[in-house]
Amino acid sequence: MNNLKLGVEVTAAHGLVAKDGEGSSNAYVELHFDDQKFRTSIKERDLNPVWNETFYFNISDPNNLSDLTLDAKVYSYNKTTRTKPSLGKVTIHGSSFVPYSDAAEFYYPLEKHNLFSRVKGELGLKVFLTDDPSINPSNPVPDMESFAMSDPLETRLQENEAPPRSSSYSSISTSSSRRRSGSRHTFRHLAKEESETKSQPQPQPQPQPQSSTTSGTKSEAQPPKFVQFSGPSSQPVDYKLRELSPNLGGGRIVGGRVVRNNYSSVGPFDLVEQMQFLFVRVVKARDLPTMDITGSLDPYVEVKVGNYKGVTKYFDKNSNPEWNEVFAFSRDRLQTSVLEIKVKDKDLIKDDFVGVIRLDLHEVPTRVPPDSPLAPQWYRLEDKKGEKISKGELMLAVWYGTQADEAFPDAWHSDAIAPPDLSAASYALIRSKVYHSPRLWYLRVNVIEAQDLVVSDKGRFPDVYVKAQLGTQVSRTKPAQTRTGNPFWNEDIMFVAAEPFDEHLILTVEDRVGPNKEETLGKVIIPLATIRKRPDDKNFPSQWINLLKPSVADVEEQEKKVKFASKLHARISLDGGYHVLDESTYYSSDLRPSLKQLWKPSIGVLELGILNADGFHPVKTRDGRGTADTFCVAKYGQKWVRTRTIIDSLSPKYNEQYTWEVYDPATVLTIGVFDNGHLDENKDTKIGKVRIRISTLQAGRIYTHSYPLLVLHPSGVKKMGELHLAIRFSCTSMTNLMFLYSKPLLPKMHYSRPLSMTQTNALRANAIIILASRLSRAEPPLKKEVVEYMCDADSHFWSMRRSKANFYRIIALLQGLIAVGKWFGDVCQWKNPVTTVLVHLLFVMLVCFPELILPTVFLYMFLIGLWNYRYRARHPPHMDTRISYADSVTPDELDEEFDTFPTTKSSDALRWRYDRLRSIGAKVQAVLGDIAGQGERAQALLSWRDPRATAIFLTFCLVAAVTLYAIPLQVMALIGGFYIMRHPKFRSNLPSRPVNFFRRLPAKTDYLL
């Protein structure tokens, strides 16, 4: 039975047009959806009516929900003429409907009914989907004719019986009625994905992407060619990108384009090389013979191909077990033509043989998606001599396939064989996995004031503050002293909350009675699920919260009504208009706000093929030789992917493909390579990282490059190997993509109510901690060190190397201005008379025709851009050791960068570093003093600190004013220009008179001690 309903809460309207001829309107709202119509009550003579009425519509066909629209029409009822002039309407498409947990109140601008309508104002609606069977649809309203002929007062009384709104927690009472701000921003409905129109409050799990290729002939890749970096930066050739021409599933990639074979088909995953696997699905067994004396059997299956062996789990005392496990053996590594499937009985000393099935690999069929899965068959068990045994059958399915097969992600892989001492349960820790990070919110607690606080010591003024706690996050307001027991703070406390909201916000009012001694005056516990979501920066209603005694402050006690208690006045909200920064702002992969209703439609699709790696350095030792157990992690937006772990290989082949939706081009895809520490019960070791900015990719082009993995070690920069990737960005709407370049980078709440840099850094650290905690609970888990490395958690730490790199970046930016100044100096010195004469002619033309100045400047920049097009980058940017200042860093600077915080170094090393920082600070201090002195000299021109200098300057200003009034400005500009560019014969080596006069002016250095 279909229980899905559409709920519409009509809250209020703002700034309506007066339609009754007396400067007011009798407003009501008609709701139309899916051939159903409901009306609110009439609010007489009110241009800012408040309804707070909720209606529920039946949804006849949920599959067509995206094609339906909700129309909210606002009318003014005229009692004299019995008419209903229109005040505007709002249309909301079904693709923007969200579940109740994600819904928030929006104020939609009213639109015209027709071309000649006069409309203004906004209508507040909260639209949501629900499948609660206890909710009944609203009663239908009478026809419009009977409504117009009935008494308005009677109609209003009948329709005003709206169901009461449920309170989140009874101890919290909202202050006064709704507050309407003076101005309101406009929010338009946004198109949503079809998956978000479901009635379930939690999102549906997304299927794990599978890497695949289509069938085709595998050939050797062409030798890679070097790609030169544009710009002055130069680094070793071994650290540069290399463009590849691999033979992928769609064909050979040459110059970013696909050269297809005539006989090859193209599948959905065409950015990886085709890999053949032998798949063996062990489904179940029946009528297995008993082997123990007790008549029981603990069966398991052993699948063996040559030297590779996979084992299922075993069942206790079960003759008809069901496993349904899949094994994948790389076809390139098969060393035999016989597949053996043995059934054994688990025993303490030695496992007993039950039966065996032998299959010829030459007879195994090949399955190519989208063919249907191969149906399993029953096979009779044989003894060791090859004769059929009396009882016991095993259901199997055996076929050849590629990584495009749907069984590939969950299969046991022969190229990921773990050491023999690894338990069977740990095989899940080396499989590929797709993770979805939790949606993060900013929780804002605006602590305003408290009333009726009762302290134990009546003879002193209490020093009161509020402590707020959410999980491990704790923050306090400033202490406030009060004589009346009513302290006032009006401070904002910010936390990071993650869905699902299973934590509680704890507010405690404490009195500081002495050093490190506090007395609790009241406490309240608020579940996060009951806190309202805030989509914008409009005025939000505050609440008076009853404070309970510390002994009874729990969730259950809050539900009891309290006759008298201390109260806390606060404004608490989940701010969905912000984007919670959980990574460095320079490398953000997602810029969308927390509230789903504010999300814009996607602009394209990003596809990543993780091909293979080459030349990895050994990370660990096993059996006396160096090796590595590597896997890759890719992060973009809320979606994290992890490849399977390739065991004991320094040149692993992954060939897995993943896909992301792109919402903003100014985002970065991050790929990291790690050594799996689960196998040795150690931490995961970082091997390298690759960052790819989406805005640097051409739409439709396939980028196949070998990325060097560069890692900074205490001994210096080191290349750990190379990672081969295939990347393609497909744009679905070029118009929307271009339009995004004119939009703010972050959601507008970051600009209307900006957070300080200190707040942003603290919240980002908390967000990374929450993210690492959630992802570490998955299976296989993403460890804390992996999440922190992918999110650049240590990017804000001090580093002398980074400081030098940023300084030289500024110098590189100023080199252009320095080059222009040097060129103009050569012009003034007449080093090239022809150039100087041409500059004089251009100067005269621009002075005589000043309207040509801006067109000339923009034309010049246009020509420069066309000239630089020949030297544009042909590849995504990658890490540069020269720009990072990693190739010339000193050992002490590296030792300082890898030092912990707080430091663990000796006092002598700290003293040396402190002295070095003092010398650097002295240079910075001198530069800042010179800049301040120049500005103070400019102020001294009119401050009469030097009376003679000020008198001279005032005399000059008077003469200049009279001269400029008498002589045209263009003539003065020509005279000034010719004077500056005069011939060296008319120049002196001494400074000019204005410079000498300026340098003699006093600065405030005389005031310094």
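Numbering starts at 1 and runs along the chain as displayed.
For all residues, glycine too, the Cβ spot is worked out from N, Cα and C.
What TrEMBL lists as compositional bias 'Low complexity' is 165-176.
What TrEMBL records for 177-189 is compositional bias 'Basic residues'.
The annotation domain 'C2' is assigned in TrEMBL to 1-108 (among others). Per-residue pLDDT, averaged along the domain 'C2' (1-108), amounts to 89 for this model.
The domain 'C2' annotation in TrEMBL covers 253-379 (among others).
Per TrEMBL, domain 'C2' is recorded for 421-545 (among others).
Here TrEMBL flags 587-707 (among others) as domain 'C2'.
Under the heading region 'Disordered', TrEMBL lists 157-237.
If you look up TrEMBL, you'll see 723-741 (among others) marked as transmembrane segment.
The transmembrane segment annotation in TrEMBL covers 807-825 (among others).
What TrEMBL records for 837-869 (among others) is transmembrane segment. Sequence-remote contacts of a segment are chain residues at least 6 beyond its ends whose Cβ falls under 8 Å from one of its Cβ atoms, and for the transmembrane segment (837-869) they are 827, 970, 973-974, 977-978, 981.
Annotation source TrEMBL lists transmembrane segment at 951-981 (among others).
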Same-chain residues at least 6 beyond the ends of the transmembrane segment (723-741) with CB under 8 Å of its CB atoms are 244, 246, 248, 253, 271-272, 601-614, 632, 662, 664-665, 669, 671, 673, 688, 690, 692, 694, 697-707, 709, 876
Near the transmembrane segment (951-981) in space but 6 or more residues beyond its ends, with Cβ under 8 Å, are 827-828, 836, 839-840, 843-844, 847-848, 850, 941-942, 997
Per DSSP, the domain 'C2' (421-545) contains 10 helix, 68 strand, 47 coil
